[in-house]
Amino acid sequence: MNPFRWSFRAQFLLGFLACAGLLAYAIYVQLHLGLEPCPLCIFQRIAFAALAVFFLIGALHGPRAAGARKVYGVLSFIAAGVGMGIGARHVWVQIRPKDMMSSCGPPLSFLSETMGPFEVFRTVLTGTGDCGNIDWRFLGLSMPMWSMVWFVGLALWALSAGFKARRSSLHH
């Protein structure tokens, strides 16, 4: 069973399940392994959640029209692209020399209570302290690096599903 030959609905369902699994693992790492997320981690989670929503809506809708499938593909690609941008910033913060680090700033909850949304976004993206810590690795890659890998893969998956016409036994 080649997943690239699956129906749009099945491919978008798989994309949703991948995002849900990644978010579940992030919560597991936080609650059971004690790794608190930094503000950039939280923004990456939001990007994965947005991507999951687009995948789920696309899977539930299962449009027959090629144009509608393309819209879902592009929306999902944009959500993944935002996640890639945040992930790239996070990786950059992690690879900077430690002597160039500054504080990541106050917690996100405090920022959101005292600033507008655009100021919070700008402040979080300029934070570097805790965001630069590497507390977890798998196969030599940090969690933000793995997020980048997943965002790239899911972006390509969304475009592949949205821009290829296909009919299969898994259609509905």
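Glycine residues also receive a Cβ, built from the backbone N, Cα and C atoms like all the rest.
According to Swiss-Prot, the protein has these features:
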- CYS38-CYS41: disulfide bond (DISULFID)
- CYS104-CYS131: disulfide bond (DISULFID)
- 1-11: topological domain 'Cytoplasmic' (TOPO_DOM)
- 29-46: topological domain 'Periplasmic' (TOPO_DOM)
- 64-70: topological domain 'Cytoplasmic' (TOPO_DOM)
- 89-145: topological domain 'Periplasmic' (TOPO_DOM)
- 165-172: topological domain 'Cytoplasmic' (TOPO_DOM)
- 12-28: transmembrane segment (TRANSMEM)
- 47-63: transmembrane segment (TRANSMEM)
- 71-88: transmembrane segment (TRANSMEM)
- 146-164: transmembrane segment (TRANSMEM)
Determine how many residues of the topological domain 'Cytoplasmic' (1-11) DSSP places in helix, in strand and in coil. 7 helix, 0 strand, 4 coil
Restricting to the same chain and to residues at least six past its boundaries, which positions have a Cβ under 8 Å from a Cβ of the transmembrane segment (146-164)? 4, 8, 11-12, 14-15, 18-19, 22, 44, 47-48, 51, 54-55, 58, 69-74, 76-77, 80-81, 83-84, 87-88, 90-91, 138
Including all protein chains displayed, how many Cβ atoms other than that of CYS41 (disulfide bond) lie within 10 Å of its Cβ? 23
Helix-strand-coil residue split for the topological domain 'Cytoplasmic' (64-70), DSSP-based: 5 helix, 0 strand, 2 coil
What is the separation, in Å, between the Cα atoms of CYS131 (disulfide bond) and CYS41 (disulfide bond)? 8
For the topological domain 'Cytoplasmic' (64-70), find every same-chain residue at least 6 residues outside the stretch whose CB is under 8 Å from a CB in it, and list them. 8, 58, 161-163, 165
Just counting, how many other CB atoms are there within 10 A of the CB of CYS38 (disulfide bond)? 25
